[in-house]
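One structure is given here, and the rest of the page talks about it.
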Amino acid sequence: MQTFSKDFIFGTATSSYQIEGAANEGGRTPSIWDEFSKTPGKVWNGDTGDVACDHYHRFEEDIEIIKALGVDSYRFSIAWPRIFPSEGQYNPEGMEFYKKLAKKLNDAGIKPFVTLYHWDMPKWAYDKGGWVNRDSVQWFLDYAEKCFEELDDLVSMWITHNEPWCAALLGYYEGVHAPGHMNLDEAVRVSHHLLLSHGKAVELYKNQLHLTKPIGITLNLSPVYPASERVEDELAANNYDGYLNRWFLDPVFKASYPKDMMNLYSKQVSSFDFIQEGDMGTIATSCDFFGINFYNRALIRYSTTSPLLFEPAESDYPKTGMGWDVSPNEFKELIRTLRRDFTDLPMYITENGAAFQDVLEEDGTVKDVERREYMEQHIEAIAFLNEEGMNIRGYYLWSLLDNFEWAFGYDKRFGITYVDFQTQKRYMKDSAKRYAEIVHSRQL
Ligand code: PNW
């Protein structure tokens, strides 16, 4: 049997655009995801976040679910276009929503863990060049400063950015996330400006505002394995590791971009002149913790037809509903690698979870055995890792609710709570009930 200490943080997570809805209320203006989801052909079934889980109106009911889970903490994100609906225009009404939410959480003894950027850049900022424009760093800082000033009292920990790889590479290179560009030159610039805005926000928080809550960044990481021992596959796996993991890990922890990737990218990126004097030191500004979102390992093989020479390979692992390998052992390897090669910081698993096809039974139950097993396997892995001294301080299950799963719309359900999107009724799935048991007993 595995046990967790009293101060280990169990939590659950969501993000603003995926759950809030109320897209035109409280002074909010559109974000790049409103635009993208309304562009035909971009999101499954033409789904949008206009209503989503209607959390903006139902947050009190949702806090009751969080209470029923008994978790220590809840991770959510702030919608930037609620706070700055246009350039330089602070909107107190938008901030009020997050104050109410954070207050109610605190009243219930649940620690708010707040992400500033979970991908919903205001459209006004995009119209001025978005993250490709270096001015975006300042726009983000203005937004971050308001959040820090208004909310710090009510927040227990801060995350600057969630998964900059998705925002930069899925948004500007692969074209599957907002704003749907396919341009490596832009994507690499965007990644730099995201990272720079992270470093500057941490400096602002600590050195100028003298605030003291823990602050850090969350990366999505997958340990990468070659499909065979062929040198070509090993090369491809190394490139994919550079593309997904090291392009973000190296700047944050080593103040430099990986040389092999600079080389690979230089064939398609006209210049690296966007890296200015002092930037790398700023990006590597020390944080208080490191956030990791883990879903799956990656199995990669060589490809002559893809520009960066890698592609996913077929694997015989059990899969989630996203087609992602269930890989708790590789999760352990990832954490050991991070400890050995990158950082001594306390770690938080800020997301982990799985989509599966769920069936809502007539009695209101959802018997999501696979999701329960996925969750148990990863929580158990954390217990083993901590026995080895890996210092993982918390675990946030993705997600509290079924929600808008980006390009997959409402087709993929990651929730431990089932949402009937017709009626907005919520039903705790079996995985949620099991999670509540684990959280309560601190054992599995
Ligand atoms: C993360 N990929 O997104 C996000 O932080 C969540 O908002 C999201 O709902 C969750 O994981 C589940 O997908 C990702 O294509 C989206 O590799 C796509 C990828 C990875 C993470």
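Even glycines carry a Cβ here, placed using N, Cα and C.
Among the candidates His118, His210, the residue that TrEMBL names alongside Gln18, Asn162, Tyr295, Trp398, Glu405, Trp406 for the substrate site is His118. Listed in sequence order, Asn220, Ser222, Thr320, Met322, Trp324, Glu351, Asn352, Gly353, Ala354 are the same-chain residues six or more apart from Tyr295 (substrate binding site) with CB atoms under 8 A from its CB. Counting only same-chain residues at least 6 apart in sequence, those with a Cβ under 8 Å from the Cβ of Trp398 (substrate binding site) are Thr12, Ala13, Asn293, Glu351, Asn352, Gly353, Phe414. Around the Cβ of Glu405 (substrate binding site), 21 further Cβ atoms fall within 10 Å across all displayed protein chains.
Compute the center of the Cβ atoms of Gln18, His118, Asn162, Tyr295, Trp398, Glu405, Trp406, which mark the site for substrate; besides them, the chain residues with Cβ within 8 Å of that center are Ser15, Glu163, Glu351, Ser399, Asn403, Phe414.
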